[in-house]
Amino acid sequence: MEILNNLAERVISGEKLTKEEGLQILSIPDELVMDLVEEASKVRKYFFKNQMEFCSLINAKNGACTEDCSFCAQSSHYKTPINAYGLVSKDEMLAGAEKAVAINANRYCIVVSGRKASKEEVDKIADAIKEIKKTYPIKVCCSLGTVDEKDLDKLKVAGVDRINHNLETSEKYFSKIVSTHTWKERYKTIKKIQKVGLSTCTGGIFGMGESDEDIIDLAMTYRDLEVDSIPLNFLIPIPGTPLGDKHNLTPLRCLKIIALFRLFNPKSEIRLCGGRELNLKDYHDIAFEVANCLMAGGYLTRAGREPGKDEEMARRLGRELIKNGASFSVSNE
């Protein structure tokens, strides 16, 4: 296909792909997906060489969420098989950081359920961050829902390195999956994060019934925002949620989406997270010809694969893991 001609060279030179070209990328025939991966891989190698980063998270507050996100097990609107609990202790947050270091994660994210963390919760998390930064050689991220500038300043002083807040899908499609808050609220939160000078991590979930245009709109929004990290999640249908019986993704469809985000956001980290194992299947390793980061050690309400398998993959692919500001080859031990 013509869209594949000199595609990587155009992106590397600084050319911005158009929405029409994005539509062509997502409609590439399955037999040409490996050619698309090759082009996107050239872009990844140019900007990130052979480096790979692991991150890990702690589900620091689970369930009882007032929001009605159709994909989420933690919403109080649905009957789902989860164990709700309040904010964990500082010791538990520190223990999570220790586990993250042990699996060679370069980042550790403290995640809480709910639309917005309370002032008390922010204070406790900030206190834990200070202790983590003194104790462990790891970058600390937070995902606390909607945050105001005072909270962000407090977290920044504590030593947080990055804030996660996902847009999830396009502005046009968002109201189809969430009714209790707006896409604009999430967008404004990202702008606040950038305003205080913190690194941004913001991504999406795919397989929720969105169109090709929705996917491209999200990729272009992140390009306009110049975000640092884009976590890509692929729907894990959760019984009890409105999307509990939806599963229309194929591995090749996932590869097209990953390649699209790399080509539209060449300088952003492309981080594969929830649903990567379930949806990519035998193409899992191939996806990391394009992506350069991953979430290791499990997700919020679902287990991932053993971290050792991700290290084995990094070794097979000849990648160097980034850890504590340096990169190293994964040993065979």
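Cβ atoms are placed via backbone N, Cα and C, with glycine included.
Feature list (source: Swiss-Prot):
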{"type": "DOMAIN", "residues": "47-276", "note": "domain 'Radical SAM core'"}
{"type": "BINDING", "residues": "C65, C69, C72", "note": "[4Fe-4S] cluster binding site"}
{"type": "BINDING", "residues": "C109, C141, C201, R271", "note": "[2Fe-2S] cluster binding site"}
Exercise. For C65 ([4Fe-4S] cluster binding site) and C109 ([2Fe-2S] cluster binding site), what Cα-Cα distance in Å is obtained after rounding to a whole number?
Worked result: 19
Problem set entry | Rounded inter-Cα distance in Å - C201 ([2Fe-2S] cluster binding site), C72 ([4Fe-4S] cluster binding site) | 19
Seminar exercise, completed: Within 10 Å, the Cβ with the most other Cβ atoms among the binding-site residues C69, C141, C201 is that of C201
Seminar exercise, completed: In this predicted model, the domain 'Radical SAM core' (47-276) has a mean pLDDT of 95
Exercise. Does C109 ([2Fe-2S] cluster binding site) have same-chain partners at least 6 apart in sequence with Cβ under 8 Å from its own Cβ, and which are they?
Worked result: C55, S56, L57, I58, V140, C141, C142, S143, N164
Exercise. Which ones in the same chain are close to R271 ([2Fe-2S] cluster binding site), with CB under 8 Å and 6+ residues apart in sequence?
Worked result: E53, C55, C201, G203, S229, I230, P231, L232, A291, N292, C293, L294, M295
Exercise. Here are the binding-site residues: C65, C72. Which has the lowest count of other Cβ atoms within 10 Å?
Worked result: C65
